[in-house]
Amino acid sequence: MTGGGKSGGKASGSKNAQSRSSKAGLAFPVGRVHRLLRKGNYAQRVGAGAPVYLAAVLEYLAAEILELAGNAARDNKKTRIIPRHLQLAIRNDEELNKLLGHVTIAQGGVLPNIHQNLLPKKTGKTAGGKNASQEM
């Protein structure tokens, strides 16, 4: 044996263990996504790049929703995001509303909306029309 000693091939190779999430520069867990893809019976085999890509997409969507919800919370002078802020963020964004159109958010409420027919009619005041009738 040229290697000598008790150290096998794995000990020297795993000196600096690095997760797949950190390799990809992601915060979402690539390993967990890979495990869920395998256990979910979506396909017989799962490629190595699929969980990385899916974790990146999920992280982007979460960041986008939290960004908009944070803006909604700040507009309401709050420092904590509540389900109402998530609802406002998703429903006011055209693409997110299309993606999550059939999703119900608990304690989210509804968007404030008054139909145009129910609003009071705006009367166009003209300077010559009203003054002429009152000058008699």
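Even glycines carry a Cβ here, placed using N, Cα and C.
Note that this is a predicted model, so its numbers are computed, not measured.
Look at Swiss-Prot and you will find 1-11 tagged as compositional bias 'Gly residues'.
Annotation comment: Swiss-Prot describes 1-24 as region 'Disordered'.
Swiss-Prot lists Lys6 (among others) with the feature N6-acetyllysine.
Per Swiss-Prot, the feature N6-acetyllysine maps to Lys10 (among others).
Neighbour count (other Cβ atoms within 10 Å of the Cβ, all protein chains): 9 for Gln107 (N5-methylglutamine). Swiss-Prot lists Gln107 with the feature N5-methylglutamine.
For Lys121, the entry in Swiss-Prot reads site 'Not ubiquitinated'. Neighbour list (Lys121 (site 'Not ubiquitinated'), Cβ cut-off 8 Å, at least 6 residues apart, same chain): empty. Mapped onto three states, the DSSP output places Lys121 (site 'Not ubiquitinated') in coil.
What Swiss-Prot records for Ser133 is phosphoserine.
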